[in-house]
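A.B. asks: Relevant sequence annotations retrieved from Swiss-Prot are reproduced here:
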type     : residues      : note
ACT_SITE : E104          : active site
BINDING  : D9, M10, D103 : Mg(2+) binding site
DOMAIN   : 5-182         : domain 'UmuC'
SITE     : F14           : site 'Substrate discrimination'
Amino acid sequence: MKRKIIHVDMDAFFASIEQQDNPEYRGKPVIVGGLSGRGVVSTCSYEARKYGIHSAMPMYMAKKLCPQGIFLPVRRKRYEEVSEQIFRILYDITPFVEPVSIDEAYLDVTHVDKNPEDIALEIKKRVKDATGLTVSVGISYNKFLAKLASDWNKPDGLMVITEDMVPEILKPLPVTKVHGIGEKSAEKLRSIGIETVEDLLKLPQENLIELFGKTGVEIYNRIRGIDERPVETMREIKSIGKEKTLEKDTKNKELLIQHLKEFSEIVSEELIKERLYCRTVTVKIKTADFAVHTKSKTVDKYIRFSEDIYEVAKGILEEWKLEQYVRLIGLSVSNLSPVKYEQLSFLDKRLVKVIKAGNLAEEINKRIGKKIIKKGSELLKDNK
């Protein structure tokens, strides 16, 4: 039986919420993101996109392109509230929902006794009625094609890609439209004269494997309409991280290390909450020329406390020869494994106390409606 996969993608989500909440912004270029000189665009309205503005663009550049635009800070809590409304609608249709981000998801409706197009129209109507927002929906028999379809007629689009349309419908597309081909891979392909999917279809599988390794097989299949990836209702957490764009470029390692200490606490809290260990710690920097560099270290035993993560991250940065000024610093952990209490050593029993204390603090704060119980590091930050 051919699967029936739906890809749901909200249109300019953050900016659309701002326009919905503030009617005076409707029809005007709205740009949401970090408002400092070093901030970047999170998203922008379709009116702003006409000026060449796009996500991840430095905010100062967006202001140059559209000085008359409405520039707004990110209201994460508000966007999460709206996202919850939307996902409640999706889960009401099927339990087989894979959240991709705050504003994007896949649904497997193979066993829903309803035409996929009717389901798509229902989603669009219910989201519009509940939030006032538009959503683009793609329908196909696998995830790659469903996502491609949702992007076809944005905003407020609805597109179906059937088996008999492939590969013809894909041929004119740039190679960057193929899942698994980013800008760097596209550059590699352009260097050998391959710019479109039609060009790519002419390459034998062996050549794609030479270029991309195992991913070459997946790319070979996808451009022929084959993608066996399931809709994952419980997505595996592969990494946890935190990063920050600095107010001012710096080479000051002490300042950067202080940020890593703060990030270690945030990452540790998330590991404990998810009941996970990690073995690999990665430090990321973005230099003044926007080049991204990462260095990782894998330790012998699984760790999860902030002091352990911090020591590894600090060691990585101390050995790093910084030749350029740094504009962004980040920390992430990976190589994760579930916590198993029965395997904890005597010293590790502190984890149980931390989890219990953390959960109790969360519950009290939740019931009171305020964050009255804080960590020592939070109190120090508040007093600065």
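Just so you know, the numbers here start at 1 and follow the chain as drawn.
Cβ coordinates come from backbone N, Cα and C, glycine included.
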A.B. asks: Out of D9, D103, E104, which of the recorded positions is least crowded by other Cβ atoms within 10 Å?
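C.D. replies: Each of the recorded positions D9, D103, E104 was scored by Cβ atoms within 10 Å; lowest is E104.
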A.B. asks: If you measure D103 (Mg(2+) binding site) to F14 (site 'Substrate discrimination') at Cα, how many Å is it?
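C.D. replies: Distance between the two Cα atoms comes out at 9 Å.
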A.B. asks: Between the residue listed as 'active site' and D9 (Mg(2+) binding site), what is the CA-CA distance rounded to a whole number of Å?
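C.D. replies: Rounded to a whole number, the Cα-Cα distance is 5 Å.
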A.B. asks: When you average the Cβ positions of D9, M10, D103 for the Mg(2+) site, which other residues in that chain have a Cβ within 8 Å of that mean position?
C.D. replies: V8, D11, F13, S101, E104, V135, S136
A.B. asks: In sequence order, which residues at least six apart in the same chain have a CB under 8 Å from the CB of M10 (Mg(2+) binding site)?
C.D. replies: S16, I86, D103, E104, V127, L133, T134, V135, S136
A.B. asks: What number of additional C-beta atoms lies within 10 angstroms of the C-beta atom of F14 (site 'Substrate discrimination')?
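C.D. replies: Its Cβ shell of radius 10 Å holds 27 other Cβ atoms.
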A.B. asks: Taking DSSP as the reference, which of helix, strand or coil describes D9 (Mg(2+) binding site)?
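C.D. replies: Its secondary structure by DSSP: strand.
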A.B. asks: Which state, by DSSP, holds D103 (Mg(2+) binding site): helix, strand or coil?
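C.D. replies: Assignment for D103 (Mg(2+) binding site) reads coil.
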